[in-house]
Amino acid sequence: MTNIRKTHPLIKIINHSFIDLPAPSNISAWWNFGSLLGLCLIIQIITGLFLAMHYTSDTMTAFSSVTHICRDVNYGWLIRYMHANGASMFFICLFLHVGRGLYYGSYNYFETWNIGVILLFAVMATAFMGYVLPWGQMSFWGATVITNLLSAIPYIGTTLVEWIWGGFSVDKATLTRFFAFHFILPFIITALVVVHLLFLHETGSNNPSGLISDSDKIPFHPYYTIKDILGILLLILTLMTLVLFSPDLLGDPDNYMPANPLSTPPHIKPEWYFLFAYAILRSIPNKLGGVLALVFSILILMLFPLLHLSKQRSMMFRPLSQCIFWILVADLFTLTWIGGQPVEHPYIIIGQLASILYFTIILLILPTVSMIENKLLKW
């Protein structure tokens, strides 16, 4: 009798994706983040579902409904903080996952990479709308500032913003629709994840050397399932340490004040994972220019396959490119720090220089260094 795992129409798909999948024998811990992102998505959907059972998307009661969840619902505080800090863990894994793709040249799988960038946009949109829901000061003003950016679009901008708001300011209609979108997007993300995996399994995984690994494959189970379980345990340990010891470490104290349209917080800033993009936005004095730079700072990821001029796929054997890559990482840390600082000297000029460096490294320095390395190979 043939194994049901290999014959059943549904189980067969799971088998080919997670059990008998041929995987390169040399993929490192940097390849763990795909499964960790899957876990983060599951955690967010489950905790989010339980939060939605008690949350009310009305401007009068939203803030107190979150308070009610934390005080009166059984383990409500745990669910709420797992959801809030789960988003931070999600983005840490996302950034590391994208960084891995850049370092090892995984972007040469065009379809997988482009779906991944679309996923990044979708997760960022979901996180932004989720941040608005508790209806604290930073929720309200963050929503006002970020949605207002669309007014920079010529001709249709103002109409577009009022259409998104559902009125002439961020109000009840805005909160209700943000809740609706925040609820539906994770399911759209899940569907996109399936497409992402579908494209990945068409080509097979990349590996640290960037070389074709068809001659040396091992089954995904048990080798990489056990490796993923280690990553999962470490992720849960980190998340629960954060949730149980300092749940507000990454949050903003201003969000414990109910939203007040008449009082602007001294420093409006988004959650930490958007700070690098926020710094790029602020570094350009022109509104439309800033918005374009903000969008392009993420969209530029789609250009990587076109900007890849090296004869080698991975950076494993390219020390010059490695140096530039880590300078780019340091630059992103700098931008994240600047995004959280007030708009004053010397932060303004540091932010502008870091923004210029970000685009210069990606569009100019990395391709040039790749060509120099190609020349060095001939010596």
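Cβ coordinates come from backbone N, Cα and C, glycine included.
Listed in Swiss-Prot for this protein:
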{"type": "TRANSMEM", "residues": "33-53", "note": "transmembrane segment"}
{"type": "TRANSMEM", "residues": "77-98", "note": "transmembrane segment"}
{"type": "BINDING", "residues": "HIS83, HIS182", "note": "heme b b562 binding site"}
{"type": "BINDING", "residues": "HIS97, HIS196", "note": "heme b b566 binding site"}
{"type": "TRANSMEM", "residues": "113-133", "note": "transmembrane segment"}
{"type": "TRANSMEM", "residues": "178-198", "note": "transmembrane segment"}
{"type": "BINDING", "residues": "HIS201", "note": "ubiquinone binding site"}
{"type": "TRANSMEM", "residues": "226-246", "note": "transmembrane segment"}
{"type": "TRANSMEM", "residues": "288-308", "note": "transmembrane segment"}
{"type": "TRANSMEM", "residues": "320-340", "note": "transmembrane segment"}
{"type": "TRANSMEM", "residues": "347-367", "note": "transmembrane segment"}
Cβ under 8 Å, sequence separation of at least 6 from the ends of the transmembrane segment (178-198): give me the contacting residues as numbers and ranges.
17, 38, 41, 44-45, 48, 52, 55, 57, 112, 115-116, 118-119, 122-123, 125-126, 129-130, 132-133, 143
May I ask you to check whether the transmembrane segment (33-53) and the transmembrane segment (226-246) make contact, with contact taken as at least three Cβ pairs under 8 Å and only pairs 6 or more apart in sequence counted?
yes
Counting only residues 6+ away in sequence within the same chain, which have a CB under 8 Å from the CB of HIS201 (ubiquinone binding site)?
HIS16, SER17, LEU21
How many neighbouring Cβ atoms, not counting its own, are there within 10 Å of the Cβ of HIS182 (heme b b562 binding site)?
21
Please indicate, using numbers and ranges, the residues of the same chain that are 6 or more beyond the transmembrane segment (77-98) and have a C-beta under 8 Å from a C-beta there.
30, 33-34, 36-37, 40-41, 43-44, 47-48, 50-51, 66, 69-71, 116, 120, 123, 127, 130, 235, 238-239, 242-243, 247, 250-251, 271-273, 301
With every protein chain in view, what's the tally of Cβ atoms within 10 Å of the Cβ of HIS97 (heme b b566 binding site), excluding that atom itself?
20
Can you give me the same-chain residues 6 or more apart in sequence from HIS83 (heme b b562 binding site) with a CB-CB distance under 8 Å?
GLN44, THR47, GLY48, LEU51
Can you grab the distance from HIS182 (heme b b562 binding site) over to HIS196 (heme b b566 binding site)? Cα atoms, rounded to a whole Å.
21
What three-state secondary structure does DSSP assign to HIS182 (heme b b562 binding site)?
helix
Sequence-distant neighbours of HIS196 (heme b b566 binding site) in its chain (C-beta under 8 A, six or more apart):
THR112, ILE115, GLY116, LEU119
